[in-house]
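K.L.:
Sending over a structure as structure tokens; questions will come in a sec.
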Amino acid sequence: MSIFPKISLRLEVERYLKEGFMNKEVVSALGKQEAERRFETLLNHLSHPPSFTTVRVNTHLASVQHVKNLLLDELRKQFNGLSVPILQHPDLQDVLLIPIIGPRRNIKKQQCEAVVGAQCGNAVLRGAHVYVPGIVSASKFMKAGDVISVYSDIKGKCKKGAKEFDGTKVFLGNGISELSRKEIFNGLPELKGIGIRMTEPIYLSPSFDNVLPNYLFLQNLPSAVVTHVLDPQPGEKILDLCAAPGGKTTHIAALMRDQGEVIALDKISNKVEKIKQNALLLGLNSIKAFCFDGTKALKLDMVKDAEGKPPFLRESFDRILLDAPCSGMGQRPNMACSWTLKEVTSYQPLQRKLFTVAVELLKPGGVLVYSTCTITLAENEEQVAWALATFPCLQLQPQEPQIGGEGMMGAGLSSEQLKQLQRFDPSVVPVRDTDIASLGDARIEDMIWLANRDCIGFFIAKFIKCKST
């Protein structure tokens, strides 16, 4: 059952999304009422966290069973002896699923309050503690050791340093303050640690701050599916065209048993450093990360670059992952998005530029996987229709494993083509409460079924290049 209102969007953005989800093809197949119900259910899901926390095991350094045992011990410590199951995904052997308990509706609100920014609030709903930079406001007399009720400023209206806030705010649970109000707002920029340690979050979900960092990578379920769909093989040369923060890059290298070459590009230098740090932490040596704009990754002259740096010659890669920059409208939880329609619709041309480069850089017989963490028709199925019309050398491929639903109608793709896509749409299941008692009675198959559906909104398409461009 919903505990939060549906995601708050600008009216122009909500109308735009609604037009996509209630296009002629969808309405004629489902009927207007059912199409509208599904759209409203989706908006409702976006403001709530998924039902499971998903972690990927770094199989390069440890077995899944070993890491699962270590994680069970960690959870018992975090949850004060409470026994929460950890499930190994049957189709993604390196993925572990931890059910999220909540919403817990009987938490008593305290007089002393802290308000956090929306992004910080979203992280708290997925198991994080509150870090000092995320705190926007705190009660006048708050001191270290106080029990504090934490709220999210979902509309971004609270002034930094305010003593109280009466605007739109959403209760996230209670925690214990590590610092006084004065220490938090004394103007020292170097304060970056935990400000409030969450003790009674409304959604009980493990904190992964410095937990088994060499063995685990916190990743949404569809993000782990993407790399399995790419199916990298040892000895291949693979390009991750928009790679930060490196979750999929490191997954590619692990699935290749660190044999071969994984090139990771991102145009923001501190994000590239993050990829390098993650590769080092996970003990992966096959990754080379470069600060480079993916739209310029194709070398236009034919002079071979001896150092293997970008830009690259045509047809240099066996497989390419294009996890494209996107509007991110599938991310959860997200209670409010202030983006304008212009911002939401600005990604399609950039995605096409990157896609064009990827096709050129792919060897004949090579595999290209395109993915986004958004729900819009324009950035997903419409891009597939455009790609097939623009590049006759590309063929859509069935995906393995097929965990998401089929693609959405409305872009003129055939029903056969839609079946070859994966669209993760959380609206296919109702928002539900999970408590410890219900977990004890649940069958593993039912829990896996729920984890596969109640995740973030996501899209995957897989192509093979049949001949030289």
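Note that Cβ sites are derived from N, Cα and C of the backbone, with glycine treated the same way.
Automatic, uncurated: that is what TrEMBL annotation is.
For C373, the entry in TrEMBL reads active site, nucleophile. Residues or ranges marked as S-adenosyl-L-methionine binding site by TrEMBL: C242, A243, A244, P245, G246, G247, K248, D266, D293, D323. Residues annotated as domain 'SAM-dependent MTase RsmB/NOP-type' in TrEMBL: 141-466.
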K.L.:
Taking the residues the record says bind S-adenosyl-L-methionine (C242, A243, A244, P245, G246, G247, K248, D266, D293, D323), how far apart in Å are the two Cα atoms that sit farthest from each other?
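P.N.:
Across C242, A243, A244, P245, G246, G247, K248, D266, D293, D323, the widest Cα separation comes out at 19 Å.
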K.L.:
Sequence gap of 6 or more, C-beta under 8 Å: which same-chain residues meet both conditions with respect to D293 (S-adenosyl-L-methionine binding site)?
P.N.:
L265, K267
K.L.:
Could you tell me the mean pLDDT over the domain 'SAM-dependent MTase RsmB/NOP-type' (141-466), as a whole number?
P.N.:
95
K.L.:
How far is it from A244 (S-adenosyl-L-methionine binding site) to C373 (active site, nucleophile), counting Cα to Cα, in Å?
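P.N.:
So the alpha carbons of A244 (S-adenosyl-L-methionine binding site) and C373 (active site, nucleophile) sit roughly 14 Å from each other.
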K.L.:
To the nearest whole angstrom, state the Cα distance for the pair C242 (S-adenosyl-L-methionine binding site) and the residue listed as 'active site, nucleophile'.
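P.N.:
Here the two Cα atoms are 13 Å apart.
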K.L.:
Could you state the whole-number distance in Å separating the C-alpha atoms of K248 (S-adenosyl-L-methionine binding site) and C373 (active site, nucleophile)?
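P.N.:
Rounded to a whole number, the Cα-Cα distance is 13 Å.
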K.L.:
Across all the protein chains here, work out how many other Cβ atoms are within 10 Å of the Cβ of the residue listed as 'active site, nucleophile'.
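P.N.:
Looking across every protein chain shown, the total is 22.
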K.L.:
Just counting, how many other CB atoms are there within 10 A of the CB of K248 (S-adenosyl-L-methionine binding site)?
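P.N.:
There are 26 of them.
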K.L.:
If I take the alpha carbons of G246 (S-adenosyl-L-methionine binding site) and the residue listed as 'active site, nucleophile', what is the distance between them in whole Å?
P.N.:
15
